[in-house]
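S.K.: From TrEMBL, here are the annotated features:
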DOMAIN    17-76  domain 'DNA/RNA-binding protein Alba-like'
Amino acid sequence: MDQSKKTLVNPETNAYNLSGKTHPRTSVFVAKIYLKKFDVVEVHALGDTISKAVRMAEQLQRQNYVTIEKINTYTQKFEDNRSKVKIIVTLKVTADGKKRVNEEIKQ
């Protein structure tokens, strides 16, 4: 079996571009890494990945890590005349969430 290498996630901006291939638990974990570095995180998702982004944001809010500040949707146009729906979910970390993220994520 081919095992994938683990890489260190070090976000440079507060925009987390969610991939459709990412497992839901992994996306929550990566979002926590973003929350450790930034107090406000924007989760970007296109097309079918929108439901994953919303589920992840709701899960983090239910667990009191974040509050959902804003949800924006629009149609993104591409150069080859395609268009897809895009969502941007803005998350703001809570005081308790920041403390818990710092305890959980040791980077």
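Every residue gets a Cβ built from N, Cα and C, even glycine.
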S.K.: What does DSSP give as the helix, strand and coil breakdown of the domain 'DNA/RNA-binding protein Alba-like' (17-76)?
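M.R.: Secondary-structure breakdown of the domain 'DNA/RNA-binding protein Alba-like' (17-76): 30 helix, 19 strand, 11 coil.
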S.K.: For the domain 'DNA/RNA-binding protein Alba-like' (17-76), report the average pLDDT of the model, please.
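M.R.: Taking every residue in the domain 'DNA/RNA-binding protein Alba-like' (17-76) and averaging pLDDT yields 94.
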